[in-house]
């Protein structure tokens, strides 16, 4: 029996595997993003141990085949990627690739699927985008939101232009050492043949994608760790643009009321001291100006100790506010 030609083998693998991948249960890793640049690396490093069966790369939303790798039969690349894509194979379970001679057409969402025995299928998405924020300049948000801890919040990526939308990506921006800005992909909503497809990679909260490809991130409730910069990257037929949102999270209303009450207490105490100083000139009272560091520290220790006795988890921001308020008192009554 004649050997099956290599091209036919790749075709059979593709025909058999893609329908299976579509309906089978897969383990999906958190998505990532990289800037469009020559020699960029699209990571597909599976954390499992086992035997690698096959690695395949496709580009969304058309599910365009990019490359296939088999440990025995080698690698096969689509025509437009042949000579530009290389499998790195840094470890037995590494399906990462590098792409050179890049163009603007290489911007988009890529999906890696790694088949392993006996674990099964492991997938990961990588967003390739043009760098719209310089690493040497500060980030200026287009809008700002301020909420209290434990409140409910919805962040929305809304496209306002009339061009047909291909996809919307929501990211959380993080500044690394040296000022380099990187985005952690939270969700991708892509439009394909009149329908929308949502891919979410959030560790908390939930994501929705409307029929018009508007992405919303729901945080119920909001925590201190949710604060930071978020970016919406919107791709249309003619252009792509981004908008940023700065989210600031304050301590919960209970802590804010506690702080306000403490401020009022300090103000009233100061007024009483001043009035008693003016009314009483006996030997039992004497006025000491600007000799209060030790007394202020003692008061702060007493207040903090009592508060920790009743409220074990007072945030550090409250103590900073207490110290600042006590520091504004320049007259102290000494008995």
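Including glycine, each Cβ sits where the backbone N, Cα and C put it.
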Review point. Pick from 211-232, 233-254, 255-276: which stretch is listed in TrEMBL under transmembrane segment?
Key: 255-276
Check your understanding: Could you give the number of helix, strand and coil residues in the domain 'Ig-like' (19-134) as assigned by DSSP?
Key -> 8 helix, 57 strand, 51 coil
Check your understanding: Where does the mean pLDDT land for the domain 'Ig-like' (164-248)?
Key -> 85
